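A short worksheet on the structure shown next.
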Amino acid sequence: MINRFSIEKVKGLEIIDSRGNPTIRVFVRTNDGVESFGDAPAGASKGTREAIEVRDENGLTVKRAVDIANYIIDPALHGIDVREQGIIDKILIDIDSTENKSKLGGNTIIATSIAALKTSSKALGLEVFKYIAGPRLPKIPIPLLNIINGGLHAGNKLKIQEFIILPIKFNTFKEAFFAAIEVYRNLKGLISERYGKIYTAVGDEGGFSPPLEETREALDLIYTSINNAGYQGKIYMGMDAAASDFYDPKKEKYIIDGKELNPTQLLEFYLDLAKEYPIVYLEDPFEENSFDMFGELQNKLNSTIVTGDDLYTTNIKYLKIGIEKRSTKGVIVKPNQVGTISETFEFTNLARRNSIKLVTSHRSGETEDNFIAEFAVGIESDFIKTGAPARGERTSKYNKLLEIENKFGLEYGGKYFYL
């Protein structure tokens, strides 16, 4: 008897992401004709320990990744029960046989892994978030909205990569999200008034890139916008420093705001900012090997969630180091960094067991697929990072969260969040 859940076909397709770059979409179809897909996102700022993408012609195509899906992965997964996520991912890992997924490509593998999960949930007639959550009743995560861009995400002189708002003190996700939109609109008007309308054009993640030179200029703009919108004490602030990008390893200095700072001086810089602004979130404040400096900052900023992205790259090996050194209270969760859904689950489960906050994140190169929103709800992520409330590939995620809240009545995580 044919198993209706068995995989009948795996097929790759070259598509484009939100930056116009090629990426891979993988379809997985069962014997019963149930089919879904997974898209591989791509980052601009990447940790050196991330899974390696397979690309051709200086990154201009992913034809080889498509061929890998069609001619290597397809026969390898043929006949496998699509509900067996662990088995599917192990097959992919074993065929690849490299630590950084460079043989099959992290992009090919994660697209296949996502496609299998989505096809399985569809075959069982379940929403993706319900399939992941199981019997648990999850909450809607608090959004981290990147509304001013710097670093590799912008063309200005700001070194900090993302300036973020966190709408926390609200009863529902809808209330929180639309309050954040008010701040975003207020900021747009402020930038237009001070720097000209041309600087209200949005970047890769929907944030603005005004001609600013120093960190406090950006923080002042956002703080003013929060106050003007009337949300002081309800909407807080955060930053993704992406400090590896402004670290000079030869000098062992951080080049920021026209100064060269050693690690201790940079730590003091962050402490001063936390005194001046309602900053409750600080991501990648030091370069990606500085577990001890992360821990020292977290110890001194107890009410701020210091978070590791490049520090961990969603890899359990590095998370164990961070746990041992008590480096952070938060971890970024990006499935494409490690390559499979199963490995991502291992990472999030270990973080949860150690009371570390989960921050599920998009990448700067995204597609219109809203999988990451459902994934964030399913794992009961504390936060979700998916850009500003602009650009279709960002708003598709927010709209999915609004839909889930409206349809299933899930509670908002901010309602129970204490700083």
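Cβ coordinates come from backbone N, Cα and C, glycine included.
Around the Cβ of Ser364 ((2R)-2-phosphoglycerate binding site), the number of neighbouring Cβ atoms within 10 Å comes to 23. The (2R)-2-phosphoglycerate binding site feature in Swiss-Prot is assigned to Gln161, Lys334, Arg363, Ser364, Lys385; the stated evidence is sequence analysis.
Around the Cβ of Glu205 (active site, proton donor), 28 further Cβ atoms fall within 10 Å across all displayed protein chains. The secondary structure of Glu205 (active site, proton donor), as reduced to three states from DSSP, is coil rather than helix or strand. Look at Swiss-Prot and you will find Glu205 tagged as active site, proton donor.
The feature Mg(2+) binding site is assigned by Swiss-Prot to Asp240, Glu283, Asp309. DSSP assigns Asp240 (Mg(2+) binding site) to a strand in the three-state reduction.
Swiss-Prot lists Lys334 with the feature active site, proton acceptor, giving sequence analysis as the kind of evidence. All protein chains included, Lys334 ((2R)-2-phosphoglycerate binding site) registers 27 other Cβ atoms within 10 Å of its own Cβ.
Spatial neighbours are here defined as Cα atoms within 10 angstroms of one another, and by that definition the neighbours of Asp240 (Mg(2+) binding site) among the binding-site residues Gln161, Lys334, Ser364, Lys385 are Gln161. Neighbour list (Glu283 (Mg(2+) binding site), Cβ cut-off 8 Å, at least 6 residues apart, same chain): Glu162, Gly238, Met239, Asp240, Ala241, Ala242, Val306, Thr307, Gly308, Asp309, Gly330, Ile332, Val359. Neighbour density around each Cβ, counted as other Cβ atoms within 10 Å, peaks among the binding-site residues Arg363, Lys385 at Lys385. In the three-state DSSP reading, Gln161 ((2R)-2-phosphoglycerate binding site) counts as coil. Lys334 ((2R)-2-phosphoglycerate binding site) falls within neither a helix nor a strand when secondary structure is assigned with DSSP, and so counts as coil. Sitting within 8 Å of the Cβ centre of Asp240, Glu283, Asp309, and not among those site residues for Mg(2+), are the Cβ atoms of Gln161, Glu162, Ala241, Ala242, Asp284, Thr307, Gly308, Asp310, Ile332, Val359. For the (2R)-2-phosphoglycerate site listed in the record, the two most distant Cα atoms among Gln161, Lys334, Arg363, Ser364, Lys385 lie 17 Å apart.
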